[in-house]
């Protein structure tokens with residue numbers, strides 16, 4: 001019985017791998033408050049579509065692409081934008097540790113995502129957006145919010 005108590009205490013102390021799933025309309029509100037509507041010619045619907053297809057609204061989303069990795073709700077890449085200490089030749093364009101992009105505090109994620117969009121003049125760096133959102137009617141992503 002003591003073993004199970006120890007195991008339960010240990011598992012409670014280990015951070016979850018699922019992260020916080022931010023409800024769609026809550027994220028719409030956050031992005032509006034941070035000036036995403038019209039930013040670099042994008043709409044809130046573009047960003048919501050991007051997030052759905054990149055991370056499914058999960059703040060701790062992680063994707064290993066082999067030579068680099070994607071982190072957080074916007075799936076920001078370690079080759080160009082953040083430092084994970086593992087990616088050879090990383091640029092660290094946002095001057096941030098990739099682990100900071102996997103918290104429930106979205107401030108750093110938002111700053112970096114806006115820098116990426118500003119540098120690219122849009123959302124083309126994100127394959128989730130290019131493959132699922134670009135040129136489509138995205139009104140359903142903000143409907144009811």
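Glycine too: its Cβ is placed from the backbone N, Cα and C atoms.
Per Swiss-Prot, these features apply:
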type: ACT_SITE; residues: 54; note: active site
type: ACT_SITE; residues: 70; note: active site
type: DISULFID; residues: 25-145; note: disulfide bond
type: DISULFID; residues: 49-133; note: disulfide bond
type: DISULFID; residues: 82-98; note: disulfide bond
type: DISULFID; residues: 94-112; note: disulfide bond
type: DOMAIN; residues: 20-145; note: domain 'C-type lysozyme'
type: SIGNAL; residues: 1-19; note: signal peptide
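Feature map: Swiss-Prot annotations on the structure.
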{"residue": "25", "record": "disulfide bond", "Cβ neighbours (10 Å)": "13"}
{"residue": "49", "record": "disulfide bond", "Cβ neighbours (10 Å)": "23"}
{"residue": "54", "record": "active site", "Cβ neighbours (10 Å)": "22"}
{"residue": "70", "record": "active site", "Cβ neighbours (10 Å)": "24"}
{"residue": "82", "record": "disulfide bond", "Cβ neighbours (10 Å)": "30"}
{"residue": "94", "record": "disulfide bond", "Cβ neighbours (10 Å)": "22"}
{"residue": "98", "record": "disulfide bond", "Cβ neighbours (10 Å)": "26"}
{"residue": "112", "record": "disulfide bond", "Cβ neighbours (10 Å)": "23"}
{"residue": "133", "record": "disulfide bond", "Cβ neighbours (10 Å)": "22"}
{"residue": "145", "record": "disulfide bond", "Cβ neighbours (10 Å)": "15"}
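Under the three-state DSSP scheme, residue 70 (active site) falls in the strand class.
Shown for the domain 'C-type lysozyme' (20-145): DSSP residue counts in helix, strand and coil, namely 53 helix, 12 strand, 61 coil. In this structure the alpha carbons, written CA, of residue 25 (disulfide bond) and residue 70 (active site) are 24 Å apart. Within the model, the domain 'C-type lysozyme' (20-145) shows a mean pLDDT value of 97, rounded to a whole number. Considering only the recorded positions 49, 70, 112, 145, the residue whose Cα is spatially closest to the Cα of residue 98 (disulfide bond) is 70.
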